Amino acid sequence: MEANKEKKLNIEKIKQIGGTFIGKKTMLMIAGIIILVLIIMVVLFSRDSSAIKYKTEEIKKGNLTVMVTATGTLEAKKTVTVGSELSGIIKTVYVTYNDRVKAGQILAKIDTSKLEAQLAQAEASLESAKAKQLQAQATVDEALLKLKQLQKVKELSGGKMPSQTEMDSAEASYRRALAELASAKASIMEAQAKIKEYKTEISKSFIRSPIRGIVLKRNVEPGQTVAATLEAPELFTIAEDLTKMELHLNIDEADVGKIKEGQRATFKVDAYPEQTFDGKVIQVRYASKTVSNVVTYTAILEVSNPELLLRPGMTATADILVKEIKDTLLIPSSALKFTPYTENQEKSENGFISKLLPGPPRSITQKQESFSKTEKKIWILKDGKAYPVILTIGETSNGWTQVINGDIKSGMKVIVEAVTKGK
């Protein structure tokens, strides 16, 4: 009996201990749920209190400089390639790279030993032809004298003397003498022509500069054989006066209509990154160039180079001043790309789970409504709210756009970006 009594007491104690343990566990779970709900409510409240913040810039009045940017290559104003009309071996080269030369200055000479020998032979042939001419002239004089004597005898004899055969023979001798004289004269002319030809060829052996300038290229060395065929070999390249150069720019077809002769420009080259050079448009060529399906047109800038810092072949990036608008209303160009979220977009972006998930701020960029090229919508921030304004715009340059017409004024805040928190 006592044993059964003791067993019942133990069972009751276990029940009491278990009930106490279960009650504490339940209370802890309930408290945890309450704390979690409170945290969620705080997070949601704090996020909804400022879900979107706007970034703005001031509308202002100022000057707008419209530029067209293009790249190109510096070239000498006039470049001449010097070749040779004469074939032969280069005997001497008198100039090298960067040498300044005058018009007519000898740059190189071709060996003329063979030509000089041929000239001497032609001069000897001329002397021989002259001697033959003298001999032929003497023969003509002798034949003419004999013919006249026979004619005199015939006249005095009343035609009885000399015989007709003798007269015919004298006349034939005279004609032969005249022919030999003509042949001798022709030989003289031929020899003179040969002499002139050889002298001309010898004069061509002196390769001269056709202009005053600087030697840019030298493609020949002493001992080199030059073969002048249908096309003269290029021996030297000479640039005329590098103190004045040209910048050949590749203008995109979308911009070529803005470029006019007389427009001012500035440009830079990699060799002098801190220095800016000036130029002026002197020509816009009609011929187009197509590279990788990109159509460009060539604009020529006149460039002053008094210190000879610029060199032919340098790549340059130029800004051409096409228009300067004074005292106009300006808005940041980024404002033209901004459109605020709609109510449905806000709901989809600010759902329950997304509000709970942490993350960095994210900018909002929406596609602008379709307007004409000159009619655009911007959003003005007033009293914390965004209000749309329709504008007529003009030129754009360096991140600013001209306003031609619209219900805005200087000092207003225009929205350029919106940032959502927690995204």
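Please read every residue number as a count from 1 along the shown chain.
Backbone N, Cα and C atoms are what each Cβ position is placed from, and that goes for glycine too.
TrEMBL labels come from automatic prediction, so no person has curated them.
Quick caveat, the model's predicted, so the values are computed rather than measured.
The coiled coil annotation in TrEMBL covers 112-139 (among others).
Marked as coiled coil by TrEMBL: 167-201 (among others). Remote same-chain partners of the coiled coil (167-201), defined as residues 6 or more beyond its termini with a Cβ less than 8 Å from a stretch Cβ, comprise 86, 112, 115-116, 118-119, 122-123, 125-126, 128-130, 132-133, 135-137, 139-140, 142-144, 146-147, 150-151, 154.
The domain 'Multidrug resistance protein MdtA-like barrel-sandwich hybrid' feature in TrEMBL is assigned to 79-231.
Positions annotated as domain 'CusB-like beta-barrel' by TrEMBL: 248-319. Helix, strand and coil content of the domain 'CusB-like beta-barrel' (248-319), in residues and according to DSSP, is 3 helix, 42 strand, 27 coil.
What TrEMBL lists as transmembrane segment is 27-45.
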Positions on the same chain near the coiled coil (112-139), where near means CB under 8 A and six or more residues out: 88, 177, 180-181, 183-185, 187-188, 190-192, 194-195, 198-199, 201-202, 205
